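Per TrEMBL, the features are:
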- 311-320: compositional bias 'Polar residues' (COMPBIAS)
- 566-739: domain 'SSD' (DOMAIN)
- 299-320: region 'Disordered' (REGION)
- 1-21: signal peptide (SIGNAL)
- 253-276: transmembrane segment (TRANSMEM)
- 345-364: transmembrane segment (TRANSMEM)
- 567-585: transmembrane segment (TRANSMEM)
- 601-624: transmembrane segment (TRANSMEM)
- 630-652: transmembrane segment (TRANSMEM)
- 715-740: transmembrane segment (TRANSMEM)
- 783-801: transmembrane segment (TRANSMEM)
- 1036-1059: transmembrane segment (TRANSMEM)
- 1066-1086: transmembrane segment (TRANSMEM)
- 1092-1110: transmembrane segment (TRANSMEM)
- 1131-1158: transmembrane segment (TRANSMEM)
- 1170-1193: transmembrane segment (TRANSMEM)
Amino acid sequence: MRGVILRVAVISTLLLSLVQSQQCAMYGNCGKKSMFGGELPCPVTDKSFQAPEISEEIRDILVDLCGAEWKQIDNVCCTKDQVVSLRDNLQKASPLIQSCPACMQNFNNLFCKFTCSPDQGSFVNVTDTAKSSIGKTVVNELSVFMNDTWATTFYDSCKNVKFSATNGYAMDLLGGGAKNYSQFLKFLGDAKPMLGGSPFQINYKYESSDDSFSLFDDAVYACDDPEYKCACPDCEATCPVMEPLKDDICMVGSFYCFSVEVLTAYAVIAIAFISWRIYTTRKEKQSSLMLSESDVNITDSRDSVEPSDTPAENEQSTSHTNKINDTVANICTKAAEVAIGFPRIILLTSVCLVCICGVLIAVFGKLETDPIRLWVSENSPKYIEKQHFDENFGPFYRTEQIFVVNETGPVLSYETVKWWFETETMLTESLLSSDNMSTYQDLCFRATNDSTCIIESFTQYFQGMVPAETSWRSQLKACTDSPVNCLPTFQQPLRPNLLFSNPDDVFASNAFVVTLLVDDHTERAALWEHTLEQYLVHLRANAPEGLRISFSTEISLEKELSGNNDVVIVLVSYIVMFIYACVALKRKGAHAAAIHKGHRIMLGVTGIVIVIASIVCAAGVLSACGVKSTLIIAEVIPFLILAIGIDNIFLITHEYDRVCESENAGTPHVGGTSSDERIIAAVHNISPSIFMSFVCQATCFLLAAFVPMPAVRNFALYSALADLFLVLFLGVYIAVLSLYEAEYSSQYSLVGTDARELAEEDAEKPSVLTTYYFQLLGYKKSIVAMFATLTALSLACLPLIELGLDQRLAVPETSYLVNYFDDIYSYFQAGPPVYFVVQGVDLTSRAGQVQLCGRFTPCEQYSLVNVLEQERRRSTVVEPVANWLDDFFMYMSPSLEGCCRVRRGTEREMCPPTLAPGTPRCETCLTRDNYHPDMTGFPEGAAFMDYLQMWLETPSDNCPVAGQAPYSHAVVASADGNGVAASVYRSAHAPLRSQADFIAAYSDALRIATELSRSGDAQVYAYSPFYVFFVQYYTIVRDTCVLCGAAAAVILVVSGLLLGNWRVAATLTGVVACAIADIGGLMYLWGIGLNAVSLVNLVICVGLAVEFCIHIARAYTRQCATQSSDKRAELAMRTVGGSVFGGVALTKFLGVCVLALAHSRIFRVYYFRMWMALVASASAHAFVLLPAVLALLN
């Protein structure tokens, strides 16, 4: 009896448990709360209500929608209307997640169980009800109890699913960009009846204190589940493993290997040298016990010769002949004789030549201002790729971008929102171009021909209508949480990172961004942009209090660059140089006292005119040859040629004065040497030095012509040719000098004895500075050690020089673009797009398709899409790939009834998109039997192209994966229409906030494209609008090393041949190399980056550094070989040191100082700083290191 009672109790308990488990929390629909919301379920308040038995019709729908397990379920808590509504809602989400079976299964399973499970009451608790419009009680809020492990797996299975059409994630659209499972489920559960979301509030709970409720913990599938495995683009766990990228930069801890190697080598050499000095010193002391203490003082402290007091010792004498040197001197002497013999003919001929070249400039001269043509050769692969992209996929749209910034707090307020709605309407609808012919509506970029203009602005969340003050915040939050629920009129979701500086909390943003896209590339677009610029400049000056406007239009950069000139500075530099020339060329001593106080104003004027004439002739000849000038050429060449030209003038004049002074203290005798003969003697003496300097400089400039960048190449050609004309026009200067000195001599002869008496009293005594200078040169070894240390430190700093040219330096300091570039780096949260263009693959065949696809089982493990997916985890290409091929195949899915449809009874006759899904006149392109993840039944051959064309013509109204809007410009058919000639896979870089970021982005894209091209049949290149400006940085370090190395080799060969002394030539080359290395160290210290501009300047520095040194080196070789090295070095400095200091160093110093006044920051950084570094480094090496090293030569 007791056993029977026990069995009855057990059975009763089981029945009670079964009854409780099949308790429904809601059943059926009881109407809507408003005319716009969806149907709301009825709450079940009757505790005795049991889940009704399932009908076969409901079972069929649930099995098809939710899985085979519903075949075994006999009771459900839903009606047919609820099941149909469930199917419709799940089909809306299906296009977003169907590429990942695990995510789709989990998603469907959750809402199927939530809606129909007979155990619904065990995990669903209705907490609030309301009255419907028909007076019935409806569910207003409920709680769902869920296991957090289930929720985590569910979120993880969906978080990486891509939606290619928007170049983003399905989670952005389906889950509001959720970062974890609680955010995901909260977004799904929040009531959004007006936006197509949940019609009532669902609160997900992850623990239950009520024993009557249990946690939902049904079967759940990870994205790599064997049965529901997702493809690589949607599931990282199924992706192929790629080797980590190796860092090309060698580092030892936090130091560059090159720096460590340089400092280590320096330390080893220093230790070895010190050890050797200690050893030799001790040995010499031991062997010199019999000598006096003064005789053994072999230290470096005072081992120079004492300055010579007798002028005779300063006379030059040649110890041997140098055939090349003599030939150059003889040729130049003959030319000087011609100039002196026919001065007026020389002058007239030169004037005619300059006039002719001036006409050539007027006729053929062109200024290249296109930034692309400046920095990229037309033969460059990147330029060719840009041309291919523009021709096949259309030129990249013109961009007009505006930042509205509040630097002290959040930028969004209702007043700001209203103001911007009015402003934007003015910009996009009313603002007319300067010819009153066009508005933005006539020029804008449209996704399709019949769509509205694309305006990337938060106003488009509201489709241009100002929201109510009471609801604008909640509406904006809902839209930024789920952009797919607030589609603008052009039907493409706007991600908040494109619009706000803080996309995670838009109301905390300090800035919002508005981007207008223009697809017109004619002159009328530029005319509208001029008007837009003027309007925004006015708006910037009259922005509401607390707000700041910054902006850029497509014409802005070129316009601001063209206005970034310093003509006044160029003129000031010429005036300063003229004044200095007049002062420095002034006669000294008896000459000055005798005649007009020694002024030579005409010679100064002649020097300036020769410089200008050289520039005009070079520009005229090259313009006639089709070589365009640039702003850099127009502004820098005058400085460069002025510095070189004035130097030559000084050297000739000072040598002439020295010849005069060497002949009886400069006093001419009746019947003695004439002024013309002295000029010829001076030319004979100094012309080889000038020729050597010219050859080295011109060759260095011409070496730069091998750099493929047009700006660098053209600059090199202009520099070299202007330098050549400068040398040729020295004949004009000699002619003027002859005429001038002939007049001077006739006046001087009238002075007679008084002048000679003054000359006898004009015995110059060495100045205090001269005395100290030669005492300093006595510390030869210390000088060499000090400069070796500086060079080692400079070399160690070279890897620290940053690459790039900050755009903010390129525009005027007062330009509105400065603030715009600052805001781009500070507030813009989106990176530039990158397009991977694919050619050479037969996509009409399965073999070609599997090389590119990613979401189907036959797709190759290292297909293009799978590789790009993995690159997102190890490169700057971070955005999901817009994969047109996978989207096209998903378009063919029969489960998407609104997508690929043909007229019933036909094979490929497209069903009009206007016909609603489900119409009996249409049927899906493929049946369920012909559509499988293994690509069985997918179209090939002619069918592929037919369906592809159909897809590209399908709008997105009823089909989220339709191709018309996102991909109409992404696929190009072959000429015969039988295949795909080229197509684009679109992604985007991470936000780029520095030049280093841009360079890294370009390098990543280039590497990825190269690796993809090597791995299969596909020919792939990467394109982004900014790449052409950063091509230079891929090779700029190598180019710099090659150019500087080649320049050093040229200096060695030329100086060796012309000096006739290879040891001195090697010394000269080494000193110049040290000077350039030290300039590199100063570049690091002064924040000067390495780019095309600084590369040009480095080439200039090499050429000019030669000029500092070569005259001294040649003077050293001209001294008597029987003299000691000390004496020869001293005499070299006494003979030409002053001329080099006054005519080379000081002229450049004065010219460079003027650049400090330039308005352009690029002038101040890349010209003033670099050339000041040149003057400092070259002067120190020429006047201190070079004579010290020469004095050490035996």
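Using the three backbone atoms N, Cα and C, a Cβ is placed for every residue, glycine included.
Just so you know, TrEMBL annotations are computer predictions that nobody has curated.
Quick caveat, the model's predicted, so the values are computed rather than measured.
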Where else in the chain does the transmembrane segment (601-624) make close Cβ contacts, counting only residues six or more beyond its ends and a cut-off under 8 Å?
350, 353-354, 356-361, 363-366, 574, 577-579, 581-582, 585, 637-638, 641-642, 645-646, 649, 653, 714, 717-718, 721-726, 729-730, 732-733, 736-737, 740
Would you say the transmembrane segment (783-801) and the transmembrane segment (1036-1059) are touching, if the rule is that at least three C-beta pairs must lie under 8 angstroms and be 6 or more residues apart?
no
Here the stretch out of 345-364, 567-585, 1066-1086, 1092-1110 with the most C-beta pairs under 8 Å to the transmembrane segment (783-801) is 1066-1086
Find the member of 253-276, 345-364, 1066-1086, 1170-1193 that has more C-beta pairs under 8 Å to the transmembrane segment (1092-1110) than any other listed stretch.
1170-1193
Counting CB pairs under 8 Å, which listed stretch among 253-276, 345-364, 1066-1086 touches the transmembrane segment (1170-1193) the most?
1066-1086
Same-chain residue ranges lying at least 6 outside the transmembrane segment (345-364) that approach it to Cβ under 8 Å
338-339, 613, 616-621, 623-624, 626, 729, 731-732, 735-736
